[in-house]
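Here is the structure we will look at.
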Amino acid sequence: MMNRLSGVLSFVQAADAGSFALAAERMGLSRSAVGKSIARLEERLGTRLFVRTTRNQSLTDDGQAFYERCVRALSELEAAEAVLDSGRRAPTGRLRVSAPVMIGRCCAAPVLWELARQHPGLELEIAFSDRVVDLIEDGYDLAVRVAPLTDHAGLTARRLGVQEMVVCASPEYLARHGRPETLADVEHHEVVAYGRNGVGKPWRFPDGQGGEKVVPIRSRLLFDDVETVADATTEGAGLGWLPSWLVAERIRDGRLVVVLEQERRYSNEVFAVWPQNKHLPSKVRAAIDALVARIPERLAACTLEAPSVSGAAGSPGRSPPAALPSHHGRPPRSPSRRASRR
């Protein structure tokens, strides 16, 4: 096998160089060694690869076809070696990551902080924004995204898990106003709404038939930060439609109660997304591996038992956990008071 590969290497070098002598010089071999290697290759293939005269040499038709295939094969070998090499190298350099405010700060950032702590040569820059950035144009190595991936040309994605939405309220609020039994009851309750520019984001519930039930939200309490919605809901201001991972601890300790349990839960998948790259840098590979290992465990651990589907048009039953560690306790406050994309 090695002799066969040696013949191929000599052949490609000779074709690139335009002469056996120059190919031999580049390879650190004698001209006769290169000539014999190519002669053995031609004998094995049963065809002539070069037309040689006293003044020059050129590829035959068979030689040209064989050359093109050999170049592609050698390129794949180099790529395979690069993959192994990047896996052995410790991640270094600046890693620029974009993530939605809440899930980025509470779920992705701790994972990436730990990665940077383990690798002193890694510089970490995380931008928290609910805007969907152009990774290539804005110069990001990696992004965490929630919601269906629509325009992902030139990008590669890896699923991290599922973010479910639940309707909940504080026990004090329910004691004062009663418990909503149907979606129609929502309009008779106080609602703590998430929204922007004066418009509350509608609540969505899969109908089990490929569509969804949409509840328009009109509220006197409107915030563009999902954590503020959770805080106001916990303080008894009204009903809130919130990510289960954010309120799981509050539900477990009794500060919040899930209502409308009979409704299927709306959910969106969470992805790690990065620009397509034939040779993925070790820093990006390490970050993706860390997120894949820990984010699914977080989301799955914070997912509550109840009817659930993935996306707006699913079927009854729980979505299979994708793969994140349980985030116990209340997440730290961010100086940026913006809401997560849901």
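Placement of Cβ uses the backbone N, Cα and C atoms for every residue, glycine included.
Unlike curated entries, TrEMBL annotations are predicted automatically.
The domain 'HTH lysR-type' annotation in TrEMBL covers 11-60. Looking just at the domain 'HTH lysR-type' (11-60), the mean pLDDT is 88.
The compositional bias 'Low complexity' annotation in TrEMBL covers 308-317.
According to TrEMBL, the region 'Disordered' annotation covers 308-342.
Marked as compositional bias 'Basic residues' by TrEMBL: 327-342.
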Inset, instruction - List the helix, strand and coil residue totals of the domain 'HTH lysR-type' (11-60) as derived from DSSP. - result: 30 helix, 6 strand, 14 coil
